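The next block holds one structure in the form of C-alpha cells; read it before the comments.
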Amino acid sequence: MGEIQGPVRVRFAPSPTGYLHIGGVRTALFNWLFARHHGGQFILRIEDTDEKRYVPGSADDLMASLRWVGIEWDEGPDIGGPYAPYVQSLRHEAGIYRPFVEQLLESGHAYMSFTTEEELERMRAEALAGGVKAFRFRGPERDWSLDRQREMAATGRPYTVRLKTPTEGVTAFRDLVRGGERIEFRNEELYDIVLVKSSGMPVYHLAHLVDDHLMRITHVLRSDEWVASTPYHVLLYQAFGWEMPAFAHLPPILRQDGRGKLSKRTDDVAANRFWERGYLPDAMFNYLALQGWSYDGYTEIMSREELIERFTLDRVQPSPARWNPEKLLDMNGIYIRRLKTEQLADAIAPFLARAGLIGDPPTPDERAYLVQLTPLIHERLKELGEAPELLEFFFREVTLPDPLLLIQKKMDAATTVAALEAAHARLAPLEPWTHDRLEAELRALCEELGLKAGQLFGAIRVAVTGRTVAPPLFDTLVALGKSRTLRRLEAARAALTTHAGANVQS
C-alpha cells in the first residue's frame, strides 16, 4: 500500500435513518482496525442532512450498537473533539458549509440551478422517450454569469446549487482495496449533481467532503456503492485545490445464497438484533473482521489485539463477501465456551431477567444458583438468548403438555407409572443428594426393573423437566434438589395415571 505519511485519521459517518445495518458495523470496524493498526484516530460523525429520512433516536441506537461490538471513537458527537460539532445539521446551523459553497460559485465550479423538480422530470421523460439510455442533467444556468444567477435568486425563485462537471476528458482516482488500481470515469458520462438543496441544506456529496477536509481525514474507507460517486468528489477536491484522502472501497456483503446484497428491507441484519439474541461482542467483532478480509486464508479465530496487529488493506478482497449465519452462530458458540462459568452466568442473567425468571439485577441467591446451573448448558449454548428456554424448568414448575411423553420405547403406561413410583421410592431416603449417588441408585434400579437406562432415565427426564431433551440428568437432579425432584416425579405419575385411565393400577 505504500508508506503512510503522518498520523492516520479515518471516520465512520452513518446517517441516522433507522437501525444500524450489520454491514455498517463492518465498515466501522475496518476503519477502526485500520486506525488502531497505524496508531491513528477513529472519528464518528453523524451525517443527518437528509431531513426526509431522519429517524429520531437512531443516532443513539447506532452509537450503542458500535459500543456493544467494542468500537470506541476518539472524537465524536457525544465526546467532542477539536473539530466539533460532529453532527452535520449542527455544522450547517453554525454556517460551516456556506463559505465553501460561495467559493465554488465564485470560481465557476458550481452554479445556481432554477430548474424545478417538475421540469426536471419532464426533461428526463422526454430524453428517455427520445432514445437516450441515461439522462444526464446539465442545467442551462451553468453557462450564465454569476451576476445573472444572483439576480434570478434575488427575485425569490427557489434554486439548488449544482456542481459544474466537465464534459470532456476523464476523472480518475486510485483505490487501495484494488491494489492502487486507477479507476477512470469519462466526464461526458457524468451529470451536474446537486450540492445544496433548495432548503439551503448541503447534501452528502458536499458536506462530507468539506468535513473530511476540515477534520484532516487521511483515508476514506467506505462501501463500494460509493465508487460511482467518487469522480464527483474528486472534481470537488480539485475545485477547492485540496489534497485528496486515499480511497478504499470495501466489498459488499451478499446474502448467504449470493443473490444480492444484505438488505435492511428483506434481511434480519439490524446490529441490535444480534445484541438482543445474545451474540457476544467478541464473536461478532471477529466474524465481521472476516467479512471481506482474511489474514492467511485459514486462520479464523483471532483476538482484537491480533486483528489490530494483522489488519492491512492489502488483505481486503475486492470481491463480495458472503454472509453465513451458521458460521457466525458456530463462532459465537466457540466464544461462549471460552467464557469462565461466572462470566457466562453474568452474561445470561439479563436474558433470564427479561424472561421473568430472576430479578434484574439478580439477588445474591439467584446469582449463586445461576452459577450452579451454568455448567449444565455451557457446552450447548450458541446464543445467550437460548438460556431462558433451556433453564426455565429450574425456575418454574413443570406442566407436562402431554403425559404420554413420559412413555419410552417398548414401555406402556403401566410400566412407566411403576417405574416412576419405584424411582420416587428409591430416591426419597437418598442422602447425600449427589451426582454419583443418584447415578448409582438409578442404574441399580434399572437392573431391578429390567429396564434399559435410556427407558428409566428418559421417563425421569420428562417428569422433572417437562421435555425430552434437557441437560445431563444427574446434574439436573442435583440442581433441582431432592424435594422438587420427588414432587415432580409424583406429579408426573399422577398425571399419567389420570390420562391413561382405570387400566393403570397405582
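Quick reminder: no glycine exception, Cβ is built from N, Cα and C everywhere.
According to Swiss-Prot, the feature motif ''KMSKS' region' maps to residues 261-265, out of the candidate ranges 141-145, 221-225, 261-265. Between the listed ranges 14-24, 47-57, 157-167, Swiss-Prot ties the annotation motif ''HIGH' region' to 14-24. Reduced to three states, the DSSP call for K264 (ATP binding site) is coil. All protein chains considered, the CB of K264 (ATP binding site) has 16 other CB atoms within 10 Å.
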